[in-house]
Amino acid sequence: MNTNQRIITIGTICLIVGIISLLLQIGNIISLWISHSIQTREKSHPEVCNQSIITYENNTWVNQTYVNISNANIVAEQGVTSIILAGNSSLCPISGWAIYSKDNSIRIGSKGDIFVIREPFISCSHLECRTFFLTQGALLNDRHSNGTVKDRSPYRTLMSCPIGEAPSPYNSRFESVAWSASACHDGMGWLTIGISGPDNGAVAVLKYNGIITDTIKSWRNKILRTQESECVCINGSCFTIMTDGPSNGQASYKIFKMEKGRIIKSIELDAPNYHYEECSCYPDTGKVVCVCRDNWHASNRPWVSFDQNLDYQIGYICSGVFGDNPRSNDGKGNCGPVLSNGANGVKGFSFRYGNGVWIGRTKSISSRSGFEMIWDPNGWTETDSSFSMKQDIIALTDWSGYSGSFVQHPELTGMDCIRPCFWVELIRGQPKENTIWTSGSSISFCGVNSGTANWSWPDGADLPFTIDK
């Protein structure tokens, strides 16, 4: 092969290689264009589930799932479903109470950023249960916790966090400015009721899904107050009870019916010689049953039951097993107020089962210490003091406090009945202990028809804290 032939051959090979390279580049461009077109078309269609991109810089826990993080992770968000909580079922048959949650907030608060709180309560939607609480605008073991024994101040707010978690600035959601409160879920949204303002002119602010929907002005100008536990929702309507008037004499009591946070009906109870405060309410077969605190003159607890039209009945728990604190020793009951040692009181609850009643109460008859659940099979209608079952919750030597009811609807549990539950506040600090603050943790139990335990689940914090010394 002469020189010219070699030149022609090399040129031909280079031309062929160049053409192949050009074709590969064109193919690459076409491939990228097709891929981009497919992605663009996919983004133009509605997505089955929303996604959010979360970028982390270290290994961490997110929503109780361990994530090994070195780059961006795409997390699919669960769709939120809305239903109407019917509230038409009866209470589940139970034989005892299983522990459900314990937040240990005072123990954790000795070293962590934990709110100073009182009046915690629990309420459940069809998706979750949350702990609601009234903060003092202060943290434990901090100087602003000084003097938080005071009930009503402009710094108090209603907040909530997932049940069982210690309430802190990092896991809590603001709900309302309030020194008295209630909250409940109708299946579509959270209703919150927060009362704040001066004693002689307080206002209840109603919010639905965080938006103000209505207000209630104090009608007696004597410390308007509400349940300090969950309100009740049935078939899209929610119900609560409020009190206005003396804490040691005849006051005024009103039931309110609300839909999506707006008041559609209210009535005042005709209840002479009755005293209703801090009612613990629950749904049962389409009606509302409330068991309350008589701070005026009774050792037993008053109740009110009403339907969705607010037609009501009133009474006192007849049992000689008395539920208030302070109270008389168990003895002869009364279907009206038991007047012996009945002044003052504490928020509490009971669950009615026909003629029988589960009574939650402190173990002490004079101080807020200890807690027990007692089953009196005839206690709703009979006045004797016999009972058939007792379950220990808090030992007599440990502090308790307020207690109240909440329920889990069939839409949450998958059961065909409404599960009864209760919470107990474990108050620590002033006025019984040598601290500058008053706060509390909480435990909760739910009714089961299987084995349960007798024990004590106290707060357990070692006091005083550093700030107290």
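For all residues, glycine too, the Cβ spot is worked out from N, Cα and C.
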Candidate from D311, D324, D330 that Swiss-Prot assigns to the same Ca(2+) site as D294, N344: D324
Swiss-Prot annotation: C231 disulfide-bonded to which of C184, C233? C184
Excluding near sequence neighbours, so keeping only residues 6 or more apart in the same chain, what lies with its CB under 8 A of C417 (disulfide bond)? S89, S90, L91, C92, P93, P410
Ordered by sequence, the long-range same-chain Cβ contacts of C335 (disulfide bond) under 8 Å (at least 6 apart) are G315, Y316, C318, T381, T383
Going by C-alpha distance, which of the recorded positions R152, N235, Y402, N454 is nearest to D294 (Ca(2+) binding site)? Y402
So around the Ca(2+) site, D294, D324, N344 aside, which residues have their CB within 8 A of the centroid of those CB atoms? H275, R293, N295, W296, H297, A298, S299, R301, N325, P326, R327, G342, A343, G345, V346
Express the distance between the Cα positions of C231 (disulfide bond) and D151 (active site, proton donor/acceptor) as a whole number of Å. 21
